[in-house]
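Report on the structure given below.
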Amino acid sequence: MARDYDHLFKLLIIGDSGVGKSSLLLRFADNTFSGSYITTIGVDFKIRTVEINGEKVKLQIWDTAGQERFRTITSTYYRGTHGVIVVYDVTSAESFVNVKRWLHEINQNCDDVCRILVGNKNDDPERKVVETEDAYKFAGQMGIQLFETSAKENVNVEEMFNCITELVLRAKKDNLAKQQQQQQNDVVKLTKNSKRKKRCC
């Protein structure tokens, strides 16, 4: 049976508890939003296929629990991850401060993974405490892209997921190109070595 996609990528959504990770996932995967807050126990995931530059990309998006007591569960889910979405709540300064810790955790668990920073709940200017300028400055220092989103109002959610997918797709193609180049170099070396051996005879 033929596959209905060209690429399969695993994405992970991490961040403090209550920042809206599940809401972002539900908005992107099912285009739904629920105002009631339920803590995710352990890990939940959704699947959605998107098209990027004419290629079908199947996304397996894992929503992890942000609470400290679930940290051990979370660490096992980094395996095989291609992209990580780090979420903070623009109405919670603490969740923004904790982004550094989450980025450190990514570095501890993943060798080479694409990352983006997401400031969620960006739909009530009066409650916003993490300034856009500060967030952009921090993202620049970390070398990652920033998106301010609202799962509630459906603002920038699609764009954010498309961005991380494009980053992962580009990284995959770059890695393939490097591998092919390395193989060509190895073939050239082998050919040169065999010619040298013939001359020695």
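Note: Cβ is positioned from N, Cα and C throughout, glycine not excepted.
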The residue range that Swiss-Prot labels motif 'Switch 1', out of 30-42, 43-55, 108-120, is 30-42
If one consults Swiss-Prot for phosphothreonine across Thr72, Thr76, the residue flagged is Thr72
Within 10 angstroms of the C-beta of Asn120 (GTP binding site), the count of other C-beta atoms across all shown chains comes to 29
Spatial neighbours of Lys21 (GTP binding site) among the recorded positions Asp63, Ser75, Tyr77, using Cα within 10 Å, are Asp63
Mean pLDDT across the motif 'Switch 1' (30-42) comes out at 75
Cβ proximity for Ser34 (GTP binding site), under 8 A, sequence spacing 6+, ordered by residue number, returns Ser23, Leu26
